[in-house]
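Structure first, commentary second.
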Amino acid sequence: MEPTNTLFMAKAVIILVVFAITLGVAAYSTYFERKIAAFMQDRVGPDRAGPFGILQPLADAVKMFMKEDFIPSHANKWLFIMGPCLSMLTALMTSAVIPFGDTVTVAGVTFDLQGIDVNIGILWVFGIVSLGVYGILIGGWASNNKYALLGGIRAASQNISYELAMGLSIIAILMFSGSLSTKTIVEAQQNGHWNIFYQPLGFIIFIVCAFAECNRTPFDLPECETELIGGYHTEYSSMKLGFYLFAEYINMFISGAVMATLFFGGYDYPGYEFVANKLGETPAAFIGAGALIGKALFFVFVFMWVRWTLPRFRYDQLMNLGWTGLIPLSIYNVLVTGIGILSGQPIIAGIAGFVLLILGLIIYDQLTVKKKIA
Amino acid sequence: MKLTNRTKVLEQGEMTLAERLYFPAIVGGMATTLKHFFQKPVTIKYPEQQRYLGPIYRGHHILKRDENGAERCTACGLCAVACPAEAISMVAGERKAGEENMYREEKYAQVYEINMLRCIFCGLCEEACPKQAIYLRHDKIVPAFLERDEVIYGKDKLVEKMDQRYLRDGWK
Amino acid sequence: MEVSNYWYFLSGLTLLSALMVVLSKNPIHSVLYLVFTFFCISGHYVLLNAQFLMAVNIIVYAGAIMVLFLFVIMMFDLKKNIPDSKTNLTKLAGTVVAGSVLVILVAAFRTIQYPTPDESTFNPNNGMVENLGKVLYSEYLLPFELVTVLFFVAMVGSVMLGKREVGDRNF
């Protein structure tokens, strides 16, 4: 075979494997969500299907497929079908640019463990994430139901609002790496120079925005059942509803992978060089891919952990946090990072910026807030 | 209107910014859930594990026999009178010669039926019985039924088996 | 496959979806076709090796502006026919405006001189982020900064408009 052809095959295999991993993780996220919820509430959780209920996702899938696939008579039929499909599509497309590992050599073919390395990688992620809201918006509108419409509209305004702060928090990272390519960003963090040590504030902003973008608690207002019945998926049943839920879990996993890539060194892990010297580059890279997936799964756990801890925000609180809290904070973060890079002391500048922020908060409190008498 | 002098005026001032960020509260809450994550679940997996329901639980009815194996019930009908749901019905019969080891008294219940759809498990039959014949077991519940004709329990289901006698705490 | 084949395919799709924007009766469908048109245009950017423009086009137009369009249109009661929009006068005005735009465009394209790129000096990576950034911050620094000032003013203006004044009711 020609070298380009073998490379093409290798890439195709990578994309297939990434798809399979993503879908598998998403399927088992439903199981682990219920298990984690149960453990946090001192319960057992699903344990009937197979040992420890390990076949529960299968049973759920069978249930989803067997249920009646209902389309409301006044719904816009094609858009109603398109909504969940778009959600699923955009959720799956994001993983293309995530570098799952370094260069490996399998059967004489050398390639990167990455779908595609483009020089705008992180912008691609943003573009697709910003499209993710179409699925919800279209589904909500096409249902011809006021609650669904309200859910869709909430999702739209929430996603647009939090994308701004998310983008601004990433700009500080881009200032370090000097590139939009995810591969370059990861390579700049090798040997333990993870961005989290330089950008703790940026990470906090990013993770809050990731929660809002994935429509997870405490920001799951589009599907807030106390106010909107089921939100945008009120009218959905069967596997169409399943697609919406599935897309949410895929988004969780992918955003975990993006956070690991941007802030936690991607496929880097302590002792990478040692392993590479002992076993060779290829096994080390595969272990690195495992490390990245492990980090992503940890973030999935954090998503669930937060969901079963925090109550839902009110909508005005959500908007307030996004526009008057996170956006100024991320601009401040960009400023501090700029000073750090110019002075050549990024860590000191980062810590100083954090301390200054806290001091500022305390002084502001002392000056303006009335004391409690209690 | 002030009734006592013990009222305290609680004034909650504005929240400080640190409080409005909810950050300490969020961290505290997450610590709590993580602590529970590693605690043992309190669930009792019902069909496999069964909890002791207590010595006074009112479950499955039983018509007791005495120590010789003779039925105690004399078909006086007081249980049926006491029953607020009118679930009990019976037909009385006279004991023939040679049946002394089967029925304790000279009159006995030929038919004794409880409609489990009507029964509310109040235990008034147990209290009304002068012969200590009917009890509501504390260790067994009436199973679920799927057919209508399974609902009415006759003597075959109610009378105590001699090889597995019902004993309650405090009885000898 | 030749790149030009991709170009023909994409252009056909672009024209088709752009036509559908105008022809579809349902405004929501129009917006969705418009989003699809933006995607096709992003595809053209990729063919021109301008990936940054492609991503920004998707993020800004498809991801933000069209979402807001959709957002507003969904608020309308689409079943209600607005009689004003169907009068002969508006139809006439629409035809005149569209016709004059067409005439201007045709006239502009007739006079245009297509520069053929010199193959010896042409840099295929012109559209990459690094080159774009360098050009923006050296050659076009003044216009770029002016645009940022314009955006800043617009931002301050919208904040001012959105700010609640004393005595305003909440809802």
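Heads up, the Cβ atoms here are built off N, Cα and C, so glycines get one too.
Feature annotations, reproduced from TrEMBL:
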- B:CYS73, B:CYS76, B:CYS79, B:CYS129: [4Fe-4S] cluster 1 binding site (BINDING)
- B:CYS83, B:CYS119, B:CYS122, B:CYS125: [4Fe-4S] cluster 2 binding site (BINDING)
- B:64-93: domain '4Fe-4S ferredoxin-type' (DOMAIN)
- B:110-139: domain '4Fe-4S ferredoxin-type' (DOMAIN)
By Cα-Cα distance, the member of binding-site residues B:CYS83, B:CYS119, B:CYS122 nearest B:CYS129 ([4Fe-4S] cluster 1 binding site):
B:CYS83
Over the span of the domain '4Fe-4S ferredoxin-type' (B:110-139), count residues by DSSP class, listing helix, strand and coil in order.
5 helix, 9 strand, 16 coil
Near B:CYS83 ([4Fe-4S] cluster 2 binding site), which residues of its own chain have a C-beta under 8 A away, given they sit six or more steps off in sequence?
B:CYS119, B:LEU124, B:CYS125
In whole Å, how far is B:CYS122 ([4Fe-4S] cluster 2 binding site) from B:CYS79 ([4Fe-4S] cluster 1 binding site) when you measure between their Cα atoms?
12
To the nearest whole angstrom, what is the C-alpha distance linking B:CYS122 ([4Fe-4S] cluster 2 binding site) and B:CYS76 ([4Fe-4S] cluster 1 binding site)?
20
Can you give me the residues near the recorded [4Fe-4S] cluster 2 site, meaning same chain, not B:CYS83, B:CYS119, B:CYS122, B:CYS125 themselves, Cβ no more than 8 Å from the center of the site's Cβ atoms?
B:CYS79, B:ALA82, B:PRO84, B:ALA85, B:ALA87, B:ILE88, B:ILE114, B:ILE120, B:PHE121, B:GLY123, B:LEU124
Counting by DSSP secondary structure, give me helix, strand and coil numbers for the domain '4Fe-4S ferredoxin-type' (B:64-93).
5 helix, 8 strand, 17 coil
Using the Cβ centroid of B:CYS73, B:CYS76, B:CYS79, B:CYS129 as the reference point for the [4Fe-4S] cluster 1 site, which residues of the same chain not in that list have Cβ within 8 Å?
B:THR74, B:ALA75, B:GLY77, B:LEU78, B:CYS125, B:ALA128, B:PRO130, B:LYS131, B:ALA133, B:ILE134
Over the domain '4Fe-4S ferredoxin-type' (B:64-93), what is the model's average pLDDT?
89
Which has the fewest other CB atoms in a 10 Å radius around its CB: B:CYS122, B:CYS129, the listed binding-site residues?
B:CYS122
